[in-house]
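S.K.: One structure coming up, written as structure tokens, with questions to follow.
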Amino acid sequence: KKMKDTDSEEEIREAFRVFDKDGNGFI
């Protein structure tokens, strides 16, 4: 894995999980 590429995406996805209660990818 490229830390620079995956690190930012994973952080964004984790942040979205807080809002994405339905798990459908939309807030």
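Glycine is no exception: its Cβ is also placed from the backbone N, Cα and C atoms.
Just lifted these from Swiss-Prot, have a look:
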BINDING   D20, D22, N24  Ca(2+) binding site
DOMAIN    7-27  domain 'EF-hand'
S.K.: Identify, in sequence order, the residues in the chain of D22 (Ca(2+) binding site) that are 6 or more apart from it along the sequence and have a CB within less than 8 Å of its CB; answer 'none' if there are none.
M.R.: none
S.K.: Mean pLDDT across the domain 'EF-hand' (7-27), rounded to an integer, is what?
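M.R.: Mean model confidence (pLDDT) across the domain 'EF-hand' (7-27) is 73.
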